[in-house]
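Visitor: Before I ask anything, let me first share the structure, which is written out below as structure tokens.
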Amino acid sequence: MFWTFKEWFWLERFWLPPTIKWSDLEDHDGLVFVKPSHLYVTIPYAFLLLIIRRVFEKFVASPLAKSFGIKETVRKVTPNTVLENFFKHSTRQPLQTDIYGLAKKCNLTERQVERWFRSRRNQERPSRLKKFQEACWRFAFYLMITVAGIAFLYDKPWLYDLWEVWNGYPKQPLLPSQYWYYILEMSFYWSLLFRLGFDVKRKDFLAHIIHHLAAISLMSFSWCANYIRSGTLVMIVHDVADIWLESAKMFSYAGWTQTCNTLFFIFSTIFFISRLIVFPFWILYCTLILPMYHLEPFFSYIFLNLQLMILQVLHLYWGYYILKMLNRCIFMKSIQDVRSDDEDYEEEEEEEEEEATKGKEMDCLTNGLGAERHLIPNGQHGH
């Protein structure tokens, strides 16, 4: 059954224009053509990137964070077996009736129980150091891959003349620069997908999964159907904005509010130009309209554009959040990522205020929660 499915899956009519066979894309005369088997290497490369990321975060991102004054915070909570069991096995957000019962059972005041649960929730929140390390790694990769993408594409005719994207399709040989551009980009998205369960989680967690899967699916499909030229254009359009976002988050976690705001405005401008203007009116025009002058519609053409349209919907989704953040920055003078958990942000802020105002009050439940922590009101949460 597996071999039957494999033969059906790789039927030429699903992947190639009519009259074109897989045999037409065999290597010959020193020319190399794309092969699905080339993509197998992206999985081990993804794990290699995870190792490089670990080393980078420890020896580059952490010292850099320290130079910015970002330290690892230890949030302590007074041990309480009854409250801990309720937190783990019932709910992290107890109702008022639950708080009343727990206070009676533990011989505490309701206010003390509320503080304990707030502190316990904050204990599981990722620290600013962890957020900075993640943003620093993504910034470093996006910077590297953008510079590499520009170097790979600057002398290619299809960067300046979209008609060249389809010149000779699909019998277009694979260039070494195209190979490494694709392999590195796909390996990176695989590594992000593998780390989603361990990285900082936010409200758009599901959108991130969809985005990474869509990116991997799109790159894999465009590779197998030899849409390499249009694929490289899609990648450079996306990478060019992400550098500014990650740098803005780094300065946000460091508390450099003005620098963060400036970088975020730059990111927003590039995002709206690249993904809401260039992508739909340049990339989609190239993949949706121009092929019709050379080819009749076929399955992979339809499927490719369907995936690109899904990607454009995600652009609109994130564009909506960026507008909300810009609105917050302009009218509230604060850039806090609205995709993050606002409740946790408010809880930590409230806890900081309590710590600052209680003075010499001896409250064993909140003592040691981090009196030296200083909440940066701008940009605590990132992408």
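Cβ from N, Cα, C; glycine included.
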Visitor: Can you check which of 37-56, 217-236 TrEMBL lists as transmembrane segment?
Guide: 37-56
Visitor: Report, as numbers and ranges, every residue of the chain located at least six residues beyond the transmembrane segment (301-323) whose Cβ falls under 8 Å of a Cβ in that stretch; write 'none' if there are none.
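Guide: Tertiary neighbours of the transmembrane segment (301-323) are 17, 204, 207, 210-211, 214-215, 217-218, 221-222, 225, 227, 234, 268, 271-272, 275-276, 279-280, 283-284, 287-288, 291, 295, 337-339.
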Visitor: Restricting attention to the domain 'TLC' (130-331), give the mean pLDDT.
Guide: 90
Visitor: How many of the residues that make up the DNA-binding region (85-128) does DSSP mark as helix, as strand and as coil?
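Guide: Going by DSSP assignments, the DNA-binding region (85-128) contains 31 helix, 0 strand, 13 coil.
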